[in-house]
Amino acid sequence: MLTEEQQGIFKIIENGNIATAKGFKAGGLHCGIRKQKIDFGWFYSEVPANAAGVYTLNAFQAAPLKVTQESIAKENKLQAVVVNSGIANACTGKQGLMDAYDMRKSFAEAVGVEEHLAAVASTGLIGELLPMDRIHKGISQINDTEHHGADKFETAILTTDTHEKGIAIELEIDGEKVVIGGAAKGSGMIHPNMATMLGFVSTDANIEASELTNALRSITNKSFNMITVDGDTSTNDMVLVLANGKAGNKPLSAEHNEWDNFYQGLKFVCEYLAKEIARDGEGASKLVEVTVDGSFTDESAAAIAKSIISSNLVKTAIHGADANWGRIITAIGYSGESLDPDQVSIYLGDILVVENGVPHKFEEDEAKQYLMQDEVTILAKLGDGNGKATAWGCDLSYEYVRINASYRT
């Protein structure tokens, strides 16, 4: 999983999670929003943590995001995060906003933190009000040890996901062990520029809030904003990072001689979570990775990679293990980016199917066997430019239609 370069910087912690870093705890329980599944989760730091967040670009931003942004804006710190699944608390008007504030206040009191140090997140059906009696019931139980555990938190935040998504890594900064952990949810309504996904990252690194914000924004554009499942952008997406400084390293900034190591570690955690979301796309059977190399700029490469990974015709061809490279060429062509068609070459894994804009003879059976694997890579070489980017997605199956045709029932 790790490249040779990454192995020299950090290592993956076995069974690591969002509560692995010093001073973090997490939990989850069933409060009754959903019929049986754990639907109410939280994590918090023993001390206030510098915080950074990025949020959905959907104009219908859900109430919890507004409350959370207000919390962070006060002093760029958070100490606790509460999440419910099943109901999104989006498009719920003044009452929905009042409920989000109520959820923040009650949760903050229960865990003993100042209200502005608490963040709120929700995911699920749009247009329904939260059952606040059940939310309060959940809050009243969060100090019961039977509900503690990062595994419970990872389960609590899921909706149509088929599996939990969590990881933690460790590295050394200033001779001190630093841990970066994370958890995420997302399966459907996933599209570049943040979709129905929630991402949470905890670290015990000592890092200034402004530097954390800059790093998160940069990394999000290379990870969470480079995934797609179905082209829909949600109302509730959010990625939060909390850094409580308990590792004891000197304050990290871009001038720190080990800054790049921390940045690469944070990028790996975010990229891992993003890929797991893409892998777990509703009805998906394959993770698809698209790399575009040789474009004029990284931004141009990213736009082309997104165009390919978002194409329903490309996704259905991959599901059917059909090496229909014409669909890839078409997606490149309508991306709106400048390129020379006579320099474009396409690879399916190691199989060259297009060379310099024209077909390259290949064995159909070999390509079909490759596309039947559960991880598929597509490489588009555009020329001699320095631009490069990678995007992730999944195939599009009959099961996706079944899941989303009956989501409310």
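Quick reminder: no glycine exception, Cβ is built from N, Cα and C everywhere.
Here is what TrEMBL records for this protein:
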- T196: active site, nucleophile (ACT_SITE)
- T159, K185, T196, E282, N404, T409: substrate binding site (BINDING)
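Structure with TrEMBL features highlighted.
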{"residue": "T159", "record": "substrate binding site", "Cβ neighbours (10 Å)": "22"}
{"residue": "K185", "record": "substrate binding site", "Cβ neighbours (10 Å)": "28"}
{"residue": "N404", "record": "substrate binding site", "Cβ neighbours (10 Å)": "16"}
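In the three-state DSSP scheme, T159 (substrate binding site) falls into the coil class. K185 (substrate binding site) falls within a strand segment according to DSSP. DSSP assigns N404 (substrate binding site) to a helical segment in the three-state reduction.
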